[in-house]
Amino acid sequence: MSEVHIYPVDSAIANSAHINDDQYREMYQQSTINPQGFWRQHGQIIDWITPYTKVKNTSFDSGHVSIKWFEDGELNVSANCIDRHLADRGDQAAIIWEGDDPNDDATLTYNDLYQQVCQFANALKSQGVRKGDVVCLYMPMVAEAAVAMLACTRIGAVHTIVFGGFSPEALAGRIIDSNAKVVITADEGVRGGRAVPLKQNVDDALANPLVTSIEKVVVFKRTGGNVEWHSERDVWWHQITAVASNHCVPEPMNAEDPLFILYTSGSTGKPKGVLHTTGGYLVYATMTFKYVFDYQPGEVYWCTADVGWITGHSYLVYGPLANGATTVLFEGVPNYPSTSRMSEVVDKHQVNILYTAPTAIRALMAKGDDAIKGTKRSSLRIMGSVGEPINPEAWEWYHRTIGNSRCPIVDTWWQTETGGILISPLPGATALKPGSATRPFFGVQPALVDNVGNILADATDGNLVITDSWPGQMRTLWGDHERFEQTYFSTFPGMYFSGDGARRDEDGYYWITGRVDDVLNISGHRMGTAEIESALVAFDKIAEAAIVGVPHAIKGQAIYAYITLNDGEYPSAELHKQVKDWVRKEIGSIATPDFLHWTDSLPKTRSGKIMRRILRKIATGDTSSLGDTSTLADPSVVDKLIAEKQQLL
Ligand code: PRX
């Protein structure tokens, strides 16, 4: 390990921040010694319609995993994100929308947001949406995406957002699993100067005969592009809202009522519907946003994530708005129309806090100073990173170039399942080490375990588990509690297993080393190897497929596919293209393999299990230490694969 450069806490920031180091240590200790008392107090960070008397009722015991927080309290998420700010900051910007085209922008104050959310909530009711119904959002990055989320929460509907980059097939799968009643979409999205045919994709998804639950499709007009219209089913956003009242009483929801479902990839099977509930999630998103970004009233905050991912839920919409923040919602991509776009947006809107992903940072870093050309970025105060491990070189570049060597970086580790940030520096409290997510947030008890679940002490490497519940934790997998227990609580009984590996150093800092299961992280997007493999084998010429991840300078990981064809089929340039197009159609562009390695046999054990460990090493060219190959049914396969790999280069 090369020498670690330590950045001490800036004393000016420590003095003005919500939390300094002494306070962190004291509050962290309280939060773990007395979680009931700690969260009884901090649950008050949001407004409750009916105050809770119970705080924590959780069990990680095998066969009885049950997670309940604030279970007798009632609240409404949209009232917390909007209504409670109207008296003090009704005219403050809630959402600044920045279009894909640098000349397009718009500002919604909290008063505007109130009106729009109430109107759209009433419009949803007019389309038959009731408390407990599931509403699927397949939206571009327009302010209306946040309006739609908040409108669902206002009436107690459960949203499930599907990233606009997913294909019609992937959308259909999520609609079927969630049993959604309504889809909200747009005619087209716009990203990087290109139109995305969202409504067309919805039409294609709904043409799948297995999709039977959808009654209405609400279409927001973004571009005015041509769309097919099914008048018995499709309604225009602007038409149903024009006739809707702009007052809507927020529905009192129990703390444990479902808030949203968000699908994410696992190491096996189909994407999993992660369920978050209302009270604990909002408390946790609100509190982590306030402390991790040290948000101060009046500041402008920009998170570059799409609403289709958990970061877009917790730190683009719910966390910021619950804190009365101004949140920037950006339709485009960080390098369009030019490499300096991200920096230009920072200057244009005087962004104080910027939260983005290592893959974006590395893509800009590759262009050197072009990423900051003509910009000052002097408004920036705090910067964040999320989605994958950030390599120290990218961290240093982000700090020096984008942040003018002035801004602390919060490297935030968390997951769709965790609802909010679990391990991260706090700007006024934590000395930084580039590449380390540092220390746990209040109430989070991480531990490292060996492969049989023994808790490891001191500075060491291990599997990262969390030993007790926190309020933002997912509650179950939609419709499959058994799979929930199996996935997260059976590997190491009594503990939540993250699927990540980590190292803890002598200061107790955590360094996330990446997934230890068969999940890939491509540009910060999670992809299951099994999911891509099953898409591949569904192609009629493919007999078998195995996917592994290989390091990639910008994307973090790239997708490497080993493919065996059916007898009588042979690789060709045309087939190469067809296979890639097929995966794009089945899942979406983010799942398209970067490398196709045609072969006629894969390394298998005598019982027929594919030895991925060997495939990973061959794909990365690390063939000097293949480990034990004696259990292979046919060890000669390995040499053949190595030879084929060489031809591939
Ligand atoms: O491997 C970890 C990585 O992203 C995974 C979670 O992916 P997802 O559920 O899509 O959520 C991403 C946004 C929260 C984790 O299991 N990951 C996320 N943040 C970091 C990270 N790896 C290292 N450092 C991080 N800061």
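In case you wondered, yes, glycine gets a Cβ from its N, Cα and C as well.
Lifted from TrEMBL, the feature list:
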type	residues	note
BINDING	Arg191, Gly192, Gly193, Arg194, Thr311, Asn335, Ser523, Arg584	CoA binding site
BINDING	Gly387, Glu388, Pro389, Asp411, Thr412, Trp413, Trp414, Gln415, Thr416, Asp500, Arg515, Arg526	ATP binding site
BINDING	Val537, Phe539, Ile542	Mg(2+) binding site
DOMAIN	24-81	domain 'Acetyl-coenzyme A synthetase N-terminal'
DOMAIN	83-468	domain 'AMP-dependent synthetase/ligase'
DOMAIN	531-609	domain 'AMP-binding enzyme C-terminal'
MOD_RES	Lys609	N6-acetyllysine
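Only Gly387, Thr416 of the recorded positions listed as Asn335, Gly387, Thr416, Ser523, Lys609 bring a Cβ under 6 Å of any atom of ligand 1; the order follows the sequence. Among the recorded positions Trp414, Val537, Ile542, Lys609, none has a Cα sitting within 10 Å of the Cα of Ser523 (CoA binding site).
For Gly387 (ATP binding site), the same-chain residues 6+ apart in sequence whose C-beta sits under 8 angstroms from its C-beta are Thr311, Ala357, Pro358, Thr359, Asn521, Gly524, His525. Close to Phe539 (Mg(2+) binding site) in the fold, though at least 6 residues off in sequence, lie Gln578, Val579, Trp582, each with a CB less than 8 Å from its CB. Neighbour counts were taken at the CB atom with a 10 A radius for the binding-site residues Gly192, Gly193, Pro389; the maximum falls on Pro389.
Taking the Cβ of Arg584 (CoA binding site) as reference, residues of its chain lying under 8 Å away and at least six apart in sequence are, in sequence order, Ser167, Ala591, Thr592. Cα of Arg515 (ATP binding site) to Cα of Ile542 (Mg(2+) binding site): a span of 28 Å. Of the residues the record lists as binding ATP, namely Gly387, Glu388, Pro389, Asp411, Thr412, Trp413, Trp414, Gln415, Thr416, Asp500, Arg515, Arg526, the two whose Cα atoms sit farthest apart are 18 Å from each other. Under the three-state DSSP scheme, Arg194 (CoA binding site) falls in the strand class.
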